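*Asks:* This is the structure I have questions about; it appears just below.
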2 protein chains.
Amino acid sequence: MNKLLIRGATILTMEGPEAIINAGEILIEDGWITHVGLPGSASGSFDMDEVIEADGQVAMPGFINCHTHAAMTLLRGYADDLPLMKWLSEKIWPFEAKMTGEDIYWGSMLACLEMIKSGTTCFGDMYDHMHEVARAVENSGMRAMLSRGMIGVLPTADKALADAEELARNWHGKADGRITVMLGPHAPYTCPPDYLDKVMNLAAKLKLGINIHVSETLAEVEEIKKRYGKTPVQHLDSLGLFKFPVLAAHCVHLDEQDMEILAQKAMGIAYNPQSNMKLASGIAPVARLLELGATVGIGTDGTASNNNLDMLEELRTGSYLQKVSTMNPEVLPAYRALQMATIDGALCMGLGDRVGLIKEGMRADIILLDATQPHMCPRHHLVANIAYAAGASDVRTVIIDGKVVMLDRVVLTIDEERVMYEVRERAARLAGQ
Amino acid sequence: MNKLLIRGATILTMEGPEAIINAGEILIEDGWITHVGLPGSASGSFDMDEVIEADGQVAMPGFINCHTHAAMTLLRGYADDLPLMKWLSEKIWPFEAKMTGEDIYWGSMLACLEMIKSGTTCFGDMYDHMHEVARAVENSGMRAMLSRGMIGVLPTADKALADAEELARNWHGKADGRITVMLGPHAPYTCPPDYLDKVMNLAAKLKLGINIHVSETLAEVEEIKKRYGKTPVQHLDSLGLFKFPVLAAHCVHLDEQDMEILAQKAMGIAYNPQSNMKLASGIAPVARLLELGATVGIGTDGTASNNNLDMLEELRTGSYLQKVSTMNPEVLPAYRALQMATIDGALCMGLGDRVGLIKEGMRADIILLDATQPHMCPRHHLVANIAYAAGASDVRTVIIDGKVVMLDRVVLTIDEERVMYEVRERAARLAGQ
């Protein structure tokens, strides 16, 4: 048995706003959290394989980015500040059309590297060549929920279904259980009802959940209403999609009935504030969704529309955006924003029994933050300091599935220089330089 | 004569979106930028007092935070997620009432430390005990525009005017010219017309500009309309305030006529997106103000409502917020946001002939950023990478007025541990712990 002890850290368990242990101890055995307690409370501390002395640091669950497209790091900064359709049709799609599986592997490795360095331990992804993304997840030590993006209106529609089934058979539950798979029909406007039927049949056969973009733009809502006489959410509901565990991304333009359906029937909603702001898609009514009891996690979306994978920045902007859009400074307070970025993100992807808390019986996805920098001083409230003042580089050490993947800012699982070299070369080729 | 050469950096001069010099050279003589050019172009490079080798780094003008209350670092995280009046009356004001001059000195030192570490070289401040803030600016090596906050409805109204005059006489143009002074009447709702008359008389006598909060909340606009039958901007205009160089902070709730007045008559507007979002004040119509030709800089506001002094985070959120609120992804593009955070901020404080560009004849306020981190890879567009992906800790070296105040993340002018110790102790005392 492998035993890892973290001691000395202030532990923010995320089991409640007051569930904070000063200078506590976390015992990890074979990747499981087996003890969380006061100083000196872990038994057998003489018998550890590894001890991390974390005085002055804060231990908390790793961030969970529940909606991104990792390989789009290749497109970071390639096209910004453009209208959506021009951005997609003249920039993003032509670039993506040239991408090979190897490009996607290296782009995903860069994303994993950036995520680890900013404290994200688990992400939800939807893209093409997903076995390459899976390889990147396996090699980097990350945890991920992977979906093969499927577009029903393209000639590749059936191949996408076959790819998705193959991805599930090869990777669901693999990489020591760090990888799970959901089916990824892209969106109601790109997947007609007969195609969504095929997706649901496959989901039933493989016992998988469904990861889909919903109501991201006003144009989408209008198009779906024109075609089906219903909002996207009500259209999907009438097709029976919510009989499956559904993670619905974006959900920007919703009416009250949409929100009730999502609150009652969706497994989770991925709120992507920075992408929705940067693309001028709109502001998701998250405060109201939370009132109705919805489970909402936070996603960065891809780096073509963000342009980084920094979850601290994302949860902060996500909180502030809800306050200003509701004219209510009390909504999405600091602790609630941190919950969304940890345990609620896990729940959104069906991983809530596994990660998102520092608690006995969970897998050990834990980050250690340096809480001694000037921007974290003084410490009237630790939770507010983290949610509203911390920066990505405050993350010093990252543990995923009980393994130390970054120690004092040195990433142990990835050759940083090689990854950045590959991405620079490939990005230049893809941009046609 | 002291000669400092920076060589090897990619120079983002901020003289135009394409005005970027690869591996260029910047020569600084006695604090003045005397040469900016191609590799090997600086004369007499054998004769330098100091050479900074900056290969792989980006040199750009330091960030200019044109609205903050530095000493409020003491209140960081003390009270969050509360309605404005409850936040002020039950938390902020009672805490501030206990502050001594020494508290304000140490709180300001912490702010200077945090600003230097995140690449800010100049800030605009309004608070009490401003000679203590001036001492912190002098000792830290920062550049600042300082205003004694003046509230006309308090018994201290006349003392505030006397303090402001004393501040101007003692500190305007001091600290090697790094400190300038403006008069700081707090806001139209706290300064009645007769008091603003006194302020304008003093401004005329001392030849100083005026720094004032305007139209921050809807409640303020309604109150001023009730009292004077005019919007705050039109009320101030009718009093003749805009005959002076005015920096107007916030400007959230404006009608079209207000915007035309500000565009034509104000020296500058300080846009504080994160504070306005967090306090749920509203969204300043910055895109429209820019269309009308207004000069708009960016401010963090104090850390009680932010909760950090990170200008990269602020300019990014400021850009994204304008895109989403106008439903137009083309407004406030990356370069424009960087301009607002540099040269436009300087213009807002009457310092546009002195700092904000890397250009011959300007004082040398320059930062060097590490552009080789994973979140800055690949480099399709350097400007987008900085505006939309960089983090505060990417700032490695900071030069203010030609002096190196941080070298490779070591702050040379401030004892970090001492400052944080003082702030921790004082914050605990003030919070009554």
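Even glycines carry a Cβ here, placed using N, Cα and C.
Unlike curated records, TrEMBL annotations are generated automatically.
If you look up TrEMBL, you'll see B:59-405 marked as domain 'Amidohydrolase-related'. The annotation Zn(2+) binding site is assigned in TrEMBL to B:His67, B:His69, B:His213, B:Asp301. Per TrEMBL, the feature substrate binding site maps to B:Glu96, B:Arg148, B:His186, B:Glu216, B:Asp301.
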*Asks:* Taking the Cβ of B:His213 (Zn(2+) binding site) as the centre, how many other Cβ atoms fall within a 10 Å radius?
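*Replies:* I count 26 other Cβ atoms within 10 Å of it.
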*Asks:* Please report the distance from the Cα of B:Arg148 (substrate binding site) to the Cα of B:His69 (Zn(2+) binding site), rounded to the nearest angstrom.
*Replies:* 11
*Asks:* Between B:His69 (Zn(2+) binding site) and B:His186 (substrate binding site), what C-alpha distance do you get in Å?
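*Replies:* Here the two Cα atoms are 12 Å apart.
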*Asks:* Compute all pairwise C-alpha distances among B:Glu96, B:Arg148, B:His186, B:Glu216, B:Asp301, the residues listed as binding substrate, and give the largest one in whole angstrom.
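*Replies:* The substrate-binding residues span at most 21 Å between Cα atoms.
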*Asks:* Of these binding-site residues, B:His67, B:His69, B:Arg148, B:His186, which scores lowest on Cβ atoms within 10 Å?
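*Replies:* Among the binding-site residues B:His67, B:His69, B:Arg148, B:His186, the sparsest Cβ neighbourhood within 10 Å belongs to B:His186.
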*Asks:* Does DSSP put B:His69 (Zn(2+) binding site) in a helix, in a strand, or in coil?
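*Replies:* SS state of B:His69 (Zn(2+) binding site) = coil.
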*Asks:* Using DSSP, would you call B:His213 (Zn(2+) binding site) helix, strand or coil?
*Replies:* strand
*Asks:* Specify the count of other C-beta atoms within 10 Å of the C-beta of B:Glu216 (substrate binding site).
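*Replies:* So the number of other Cβ atoms within 10 Å of B:Glu216 (substrate binding site) is 25.
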*Asks:* Using the Cβ center of B:His67, B:His69, B:His213, B:Asp301 as the Zn(2+) site position, which other residues in that chain lie within 8 Å, going by their Cβ?
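*Replies:* Residues close to the Zn(2+) site, other than B:His67, B:His69, B:His213, B:Asp301: B:Thr68, B:Met126, B:Ala249, B:His250, B:Ala270, B:Asn272, B:Ser275, B:Gly299, B:Gly302.
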*Asks:* I need the CA-to-CA distance for B:His67 (Zn(2+) binding site) versus B:Glu216 (substrate binding site), whole Å please.
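*Replies:* With the alpha carbons as reference points, the distance is 13 Å.
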*Asks:* Given a separation of at least six residues and a C-beta threshold under 8 Å, show me what packs close to B:Asp301 (Zn(2+) binding site) in the same chain.
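*Replies:* Correct list: B:His67, B:Thr68, B:His69, B:Asn272, B:Gln274, B:Ser275.
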*Asks:* Counting across all protein chains present, how many other Cβ atoms fall within 10 Å of the Cβ of B:Glu96 (substrate binding site)?
*Replies:* 20
*Asks:* From the Cα of B:His186 (substrate binding site) across to the Cα of B:His213 (Zn(2+) binding site), what is the distance in angstrom?
*Replies:* 6
*Asks:* Averaged across the domain 'Amidohydrolase-related' (B:59-405), what pLDDT does the model get? Just tell me the whole number, please.
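*Replies:* Average per-residue pLDDT within the domain 'Amidohydrolase-related' (B:59-405): 97.
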